[in-house]
Amino acid sequence: MVEQIKDKLGRPIRDLRLSVTDRCNFRCDYCMPKEVFGDDFVFLPKNELLTFDEMARIAKVYAELGVKKIRITGGEPLMRRDLDVLIAKLNQIDGIEDIGLTTNGLLLKKHGQELYDAGLRRINVSLDAIDDTLFQSINNRNIKATTILEQIDYATSIGLNVKVNVVIQKGINDDQIIPMLEYFKDKHIEIRFIEFMDVGNDNGWDFSKVVTKDEMLTMIEQHFEIDPVEPKYFGEVAKYYRHKDNGVQFGLITSVSQSFCSTCTRARLSSDGKFYGCLFATVDGFNVKAFIRSGVTDEELKEQFKALWQIRDDRYSDERTAQTVANRQRKKINMNYIGG
């Protein structure tokens, strides 16, 4: 029996984001800049991470509260050993209709088949440039874009449904929009361009670095004939368009210029086992890991999750101004703990 619960703003709970690790093999400036996350950076020890059994238990309880979709994030989730074991466990939960994973793609050839065999069917690959030199400068690990493109080709060849996510920063990679759109249009792969967000504390964000949806659309319409597409479901974060000549869709995610707080249905669990109701959360999250390890029953866990959702009133992107951004500096949870 699924309970229907809503938060203070009337938003139901439909999605669960599970961060399985705080580690990543890239050092992108907007997420894990190398100056902060150097070779001597201390990541979470294994006992500080939720176990797969704990994650599956959490997901099962959330499914009883209305969660239908789960997304596995990180850090880089493919760095978590035996991730296919978690995928298999999540696939056995009644009520979960969709399991996705967000990855930088570097380890897809190594782990893609085992994840597919465990039941994973859908992945989002983060790729912020198609130019090799530029992409190397973005990831700060000397990884070429062509390497990731080969991993994407492999993923599609084994049956994974791939979408590509691109975070656009003004003056950094906004010149990649057209060539990337052209490349993935020909590949019949959906690409989504994301406005640069002020997630975490270390990415040097300010409004001047944002390329808005309208600015992107103006650029795109100078090169392609497109039509808008109606939203597929409540809470869809991207504004979708379709190429007139071959029908391939692409999306623009307006995380800054046109917020979607009013339809946000996502609960988030960080890699250290804490609940957050918002990607931009500033207060320390509720420690689900400690709560579970104290010996609570599933019913007690459900009541706690209900209470956390019912007091949720987060709407940071609705309220974002230069002042709120300044006030929240050094207070937000970093992206490698909570995922995207």
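Heads up, the Cβ atoms here are built off N, Cα and C, so glycines get one too.
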Record-annotated S-adenosyl-L-methionine site (Swiss-Prot): member among Met1, Met180, Met197 besides Tyr30, Gly75, Ser126: Met197
Annotated companion of Arg71, Thr102, Lys163, Arg266, Ala267, Arg268 at the GTP site, Swiss-Prot, chosen from Arg11, Arg14, Arg17: Arg17
Record-annotated [4Fe-4S] cluster 2 site (Swiss-Prot): member among Cys31, Cys278 besides Cys261, Cys264: Cys278
Gly75 (S-adenosyl-L-methionine binding site) and Cys278 ([4Fe-4S] cluster 2 binding site), Cα-Cα, nearest whole angstrom: 17
Three-state secondary structure, Cys31 ([4Fe-4S] cluster 1 binding site) (per DSSP): coil
Length of the line joining the Cα atoms of Thr102 (GTP binding site) and Ser126 (S-adenosyl-L-methionine binding site), in Å: 7
Reduced DSSP assignment, Cys261 ([4Fe-4S] cluster 2 binding site): helix
Cys31 ([4Fe-4S] cluster 1 binding site) as reference: those binding-site residues from Gly75, Lys163, Cys264, Ala267 with C-alpha within 10 Å of it: Gly75
Where Ala267 (GTP binding site) falls in three-state DSSP terms: strand
For Arg17 (GTP binding site), the one of Tyr30, Gly75, Ser126, Met197 that lies nearest, given that the binding-site residues are compared by Cα: Gly75
